[in-house]
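Asker: To start, I am sharing the structure in question, which I have written as C-alpha cells.
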Amino acid sequence: MVEMSTGTTNLVRTLDSMDFLKMDRRTFMKAVSALGATAFLGTYQTEIVNALEFAETKVIWIHGSECTGCSESVLNGGNPDIVQALTKLNVNLAYHETLCMQQGIWNDGELVNTSELNSEILLEDLYKEGNYILVVEGSIPNGPDGSGRYLVIGNKTFKETLGEAAKNANAIVAVGACACWGGITSADSDIEKDTDYRGVAFKKTDASKGMLKELGIDKPVINIPGCPCHPDWVLLTLGAVILGKIKIPDDLPAALDQYGRPKVFFPPDHTVHENCPRRGYYDRGEFDTEVGGEKCLWKLGCKAPYAHADCGIRRWNGSVSMCTQAGGPCINCVDPGFPDASRPLYVEAEDKGIVGANIDTIAKVAVGAAAVAAGVHAVRRMGKGE
C-alpha cells in the first residue's frame, strides 16, 4: 500500500511516480478525493502528453457481433480524446473496421490486388508482421456446431479471424460486454445453444468456454466491460500498456480481478452505489416508485449496489453525468452475467437487499442511516484535512 500526503503538490508528485493500474482502492480514492476526477485523469494525460518519443505501436481493432457502441464511446472520449491518444502515444491504428475503408476483392475465390486496396490482404500482412496490440469489440459465435459460421466477414468466420489475430498479438484487450463475456448476444434464449456466442476469454462467468480456449490459444486478456464501456477505461488501459506502466503478463495477476478487469476501474470491494449522486436519498430511506423523480432508484430496479465500477467517481459525457444521475437505474452492464443477471432491468430485486438488509427495513431506520452517513462523510472530510 502506498501512503500519500494530502497536499495537492505532494500528491501530484507522488502520482507522477506511480503506476495507476497498480493503485489499491484506498490510494485511488484518496487521489480522486484530493484532486477531483478530472484533475486526476489530467495528471495522467499530462504524463502521456509529455512523454518521450516512443517507437510506433500498432493497434488492430477487430469487430465481431456488436453494435459498435463501444467504438462510438471511445470516439466521444475527452480526457484524453482519441486523436490525442493516438498522436501523443505514437499509435498506428492499422486497422479498425468502423474507421477504415473496407474493401475485399476476390477473383475465382482468391484475394487479389494489394493491401492498400484490399482490407483482407492488409489484415493478413499485419498478422504476419506481429508486434501489435489486438483490441476485440463484439462477441464471437461458435455456432452452428462449432463452425462459427453465424458470423462470416470476407469469406472467413470471425472465429477464424480472432484466432489468426490473437496468435501474434503482444497484448489482447476485449472492449465491451460482448467481447468480454458474450453480452447481449449470449443472453438466454431459445436459440442461444445453437448460436453459442462467446467472449474472448469468458462466456459469462465461465473461463473454460472463452473463445481463445476453444481455439487452443493460451494468452492473457484484459477485459474492459460495459454496454458501452467508458472511453477512459479503454484509453487509459491502452496508454498504460503502451507506456510500460503494466507489464504483460507479469503485472496482470495483481492489476486484474478474477474476470480480467483492471481493479482500479472495477474495484472488487466497492460498488457504483457507494458514490451514486442519489446516495443521500438512499441513506434517508427515500425511494422513487415512478420514473422522472430525484430520489433513490432502487425500487425501479437499480443494480448499483452490485455493480463494481467507478462510474460514480469518473462520470460520463465529459465527467458531468452518469446513468443514475440522469434518472436511469444502473443495469450493472459491467457484470459477467449481464444481461441475464440484471433481468428484469427495471423491477426491484425483491429477493435481494443492499448489504444484506431488506430495502423496506432500510426505509424504517432512515434516521439511523442518515446519522451513519453523516459520520462517514465527516470521516472522509477529516481524511482530506478539511
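Heads up, the Cβ atoms here are built off N, Cα and C, so glycines get one too.
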Asker: Of the candidates CYS178, CYS276, CYS296, which one does Swiss-Prot list alongside CYS67, CYS70, CYS227 as binding [4Fe-4S] cluster 1?
Answerer: CYS178
Asker: Of HIS273, CYS296, CYS302, CYS311, CYS330, CYS333, which binding-site residues come within 10 Å of CYS227 ([4Fe-4S] cluster 1 binding site), going by C-alpha to C-alpha distance?
Answerer: CYS333
Asker: Applying a 10 Å Cβ distance cut-off over all chains shown, what neighbour count does CYS67 ([4Fe-4S] cluster 1 binding site) have?
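Answerer: The Cβ of CYS67 ([4Fe-4S] cluster 1 binding site) has 17 Cβ neighbours within 10 Å.
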Asker: What's the CA-CA gap between CYS67 ([4Fe-4S] cluster 1 binding site) and CYS276 ([4Fe-4S] cluster 2 binding site) in angstrom, rounded?
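Answerer: Rounded to a whole number, the Cα-Cα distance is 28 Å.
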Asker: Relative to the Cα of CYS330 ([3Fe-4S] cluster binding site), which of the binding-site residues CYS70, CYS178, HIS273, CYS296, CYS302 have a Cα no more than 10 Å away?
Answerer: HIS273, CYS302
